[in-house]
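Engineer: I'd like to ask you about the structure that follows.
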Amino acid sequence: IFLLTTSYYQLSVQNWFSLHRLQLLYNHSIQATFNATRIYAPASYSYHCEHVSSLQRYDALLIPSSANDLSKLWEVTFIDFQIQGFNIQEGHFAYAKDCASLFSPAILMGLVMSLILLLVLAYALHMLIHLKSLDRHYECKASPAYFAQMKDNDVGEEKEPLRSSGNESYELRNQEFCKIYI
């Protein structure tokens with residue numbers, strides 16, 4: 001036996017039904033009673049859930065009504081459960097409100113990955129904004145510390161031909177390096 005009630009909620013401006021209690025009958029006597037939690041939908045809709053059960057592995061939407069009741073001896077599980085108590089038209093279920101949560105593990109992981117990618121993008125944009133141009137901040141200087149002084153007769157020559165097999169090549173004698181100031 002399913003005990004359903006209907007209530008009007010001003011915030012949603014419509015009637016909602018909820019399953020309050022499930023009673024198991026055997027030979028015209030009540031064997032077990034379970035209180036239902038979180039099984040509700042608008043009165044013009046139906047309620048659908050993949051598992052409605054008294055077992056913890058299925059999120060236990062059915063809870064034994066009392067500790068002294070025989071319902072602790074029962075394990076009840078409905079698979080592909082759908083119920084509509086009111087406003088049934090032509091013997092078919094109306095659009096179903098599903099019991100799936102808004103934050104499933106897949107959705108939560110997608111949100112975390114999006115947040116990580118957004119942080120990487122923000123860091124990259126921050127680095128691009130603070131990038132300085134090197135056009136005005138460098139100058140090239142010859143370093144007497146790193147390069148030995150050249151002989152006075154070689155100072156006039158900046159390049160000297162290298163001997164090779166027919167190709168004309170030059171070696172640069174006056175070497176410079178650049179210092180960059182940022």
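Note: Cβ is positioned from N, Cα and C throughout, glycine not excepted.
Note: TrEMBL annotation is automatic and uncurated.
Remember, it's a predicted structure, so these values are computed and weren't measured experimentally.
Pulled these features from TrEMBL for this protein:
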DOMAIN    2-86  domain 'V-type proton ATPase subunit S1 luminal'
DOMAIN    102-138  domain 'V-type proton ATPase subunit S1/VOA1 transmembrane'
TRANSMEM  106-129  transmembrane segment
Engineer: Across the domain 'V-type proton ATPase subunit S1 luminal' (2-86), what does the mean pLDDT come to, as a whole number?
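Structural biologist: 87, rounded to a whole number.
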Engineer: For the domain 'V-type proton ATPase subunit S1 luminal' (2-86), jot down how many residues DSSP puts in helix, in strand and in coil.
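Structural biologist: In the domain 'V-type proton ATPase subunit S1 luminal' (2-86), the DSSP-based counts are 7 helix, 50 strand, 28 coil.
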Engineer: By DSSP, what is the split of the domain 'V-type proton ATPase subunit S1/VOA1 transmembrane' (102-138) into helix, strand and coil residues?
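Structural biologist: Here the numbers are 25 helix, 1 strand, 11 coil.
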